Amino acid sequence: KIEGLKTIAVTTNGINLTRLLPRLKEAGLNAINISLDTLVPAKFEFIVRRKGTNLSSKATVLIFAGMLCLLYLQVNCVVMRGFNEDEVLDFVDFTKDLPLDVRFIEYMPFDG
């Protein structure tokens, strides 16, 4: 541990988090930012560019794994017009009773 360091966090899409979480926690991890831009499995696979990610159980496992390890949890959702803006209320419903923060982030393309 480094004196004065209060938070060690990781931002992840969670693909390998359940496998790595015990070692990360042992190393001092105390906060997780989960990048989760959609609750729709096909859209999630498109974003992470991997088939068979089993999103619904993945999102649940990520959140409960963090809760069981007593970590600070935050879900970051980049809202993109024409892709997932119709899911904002679903995110609120999915997370409203969980001990975590959800941050909706505006998509800002860098093609200008």
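Including glycine, each Cβ sits where the backbone N, Cα and C put it.
No curator has checked TrEMBL annotations; they are predicted automatically.
Mean model confidence for the domain 'Radical SAM core' (1-112) is a pLDDT of 80. For 1-112, the entry in TrEMBL reads domain 'Radical SAM core'.
The transmembrane segment annotation in TrEMBL covers 59-83.
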Helix-strand-coil residue split for the domain 'Radical SAM core' (1-112), DSSP-based: 43 helix, 23 strand, 46 coil
